[in-house]
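Working notes for the structure below.
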Amino acid sequence: MENIHVNLGKDSYSIYVQNGLLDILGPAVRRISNTDKIAVISDDTVDRLYGNRLQTTLNNSGISSKRIVFSAGEQSKNIETLAQIYAALSDFSITRSDAIITFGGGVPGDLGGFAAATYLRGIPFIQIPTTVLAQVDSSVGGKVAIDLPSGKNLAGCFYQPKAVFIDPELVRTLPERITHDGLAEVIKYGCICNEKLFTLFEQVSGDDEINLCWQEIIKTCCEIKARIVEHDEHDTGERMLLNFGHTIGHAVEKYYGYGTYTHGEAVAIGMMLLTAQTEALGLTERGTAERIRNVLQKFHLPVMMEASEKELLKYIGHDKKKRGDDITFIILERIGKGKRFPVLGPDISTYISKGDLA
Ligand SMILES: NC(=O)c1ccc[n+]([C@@H]2O[C@H](COP(=O)([O-])OP(=O)(O)OC[C@H]3O[C@@H](n4cnc5c(N)ncnc54)[C@H](O)[C@@H]3O)[C@@H](O)[C@H]2O)c1
Ligand SMILES: O=C(O)C(=O)C[C@@H](O)[C@H](O)[C@H](O)COP(=O)(O)O
Ligand SMILES: [Zn+2]
């Protein structure tokens, strides 16, 4: 089995990647969690597709599990669902020596991870990601959160999982739109630190060729993220690079209402608009925005939208890279080289006011 290690001292863990892993991971879960009682937090789509298979391997390893299931989608990543999860954990009499599995995409991962971090002040948890986005990004690194009415991921913490189990075969049942949504985060990695990965997306003709190297892509992305998180677990420096496209992206998600644009789609718009602008300002190598546009469009990701600049600025005001009125944007020098770029409050609109904004 492929195994990527995330070295974080006492909070270190491994990411296991193997086709078919879902049906055989019970013994490893038992060993790592050291318990025979586990709550599985998932959404209704993932539970319907894969819940029985997960429960079977857990049962076969002597683990009794309770499935805590909420409605699929970003609209559930909120305080109301969190309260329902706390109540279900309480009903199941989970204790600190038991464990939680978050099973699904980034929504069950972020929401269930936040429940794990906070219920009884912390229950050990394991991530089993089932979307492209969760397998390449959200299951690694310990950012867990819920959305608040004022913005994305505004209540959360850093809480590392005990392990991540990735079964690449699970993404075969994803709708095309959700697959592409996850590819936006893969393209992001290429933009900020891996030109070879980006070039792969330029060279392939489309989804079929990407599917052929899916395991390799997962491993590359998890390696990139693991190394960045090891250097800067708490997002005070290098980790901010992973937020390329997210300052505008999170504002777009909120502006349109959660679920209108998926997270990856909003990040695609964010990467595109910011890079068009930094290129026009002479901060980014010429031709970069065009390369990003071509790759995003190849995978049917949006590269523009209409929004009021004033409203977007309001939501950008909640970005976690803000310090006082100022903000650190993540911009590209060129493909494969992202950098942090501090911008003074009065200048922020310069970086979002052109492109395709209305
Ligand atoms: N913590 C992090 O580091 C991090 C990183 C990136 C994104 N995120 C967060 O992740 C979330 C987006 O994640 P997502 O795109 O995975 O969303 P999601 O969890 O809502 O999943 C998208 C859809 O796919 C369905 N689905 C999941 N697995 C499936 C499968 N194997 N087959 C068929 N359908 C399946 C889900 O039911 C859902 O309808 C956002 O909230 C974003 O903020 C967090
Ligand atoms: O892990 C990180 O760090 C990231 O920024 C990864 C992002 O893809 C992810 O969307 C993350 O949840 C954004 O974090 P936030 O701190 O901007 O809420
Ligand atoms: Zn993201």
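From the backbone N, Cα and C atoms, a Cβ is placed for every residue, glycine too.
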Which of His231, His263, His300 shares the Zn(2+) site with Glu185, His246 per TrEMBL?
His263
Which of Lys143, Lys162 shares the NAD(+) site with Gly106, Val107, Pro108, Gly109, Asp110, Thr130, Thr131, Lys152 per TrEMBL?
Lys143
Close in space but at least six residues away in sequence, with Cβ under 8 Å from that of Thr131 (NAD(+) binding site), the same-chain residues are Gly104, Gly105, Gly106, Val171, Leu174, Ile178, Asp181, Gly182
Please check the binding-site residues Gly106, Pro108, Asp110, Thr131 against ligand 2 and give me the ones with CB under 6 A, sequence order.
none
Neighbouring CB atoms within 10 angstroms of the CB of Gly106 (NAD(+) binding site), all protein chains considered, total 26
Cα-Cα distance maximum in Å, computed over every pair in Gly106, Val107, Pro108, Gly109, Asp110, Thr130, Thr131, Lys143, Lys152 that the record assigns to NAD(+)
21
Over the span of the domain '3-dehydroquinate synthase N-terminal' (68-178), count residues by DSSP class, listing helix, strand and coil in order.
48 helix, 32 strand, 31 coil
Beyond Glu185, His246, His263, what residues of that chain have CB atoms within 8 A of the centre of the Zn(2+) site's CB atoms?
Leu133, Asp137, Ala184, Lys188, Gly245, Gly249, Gly264, Ala266, Val267
With every protein chain in view, what's the tally of Cβ atoms within 10 Å of the Cβ of Lys152 (NAD(+) binding site), excluding that atom itself?
26
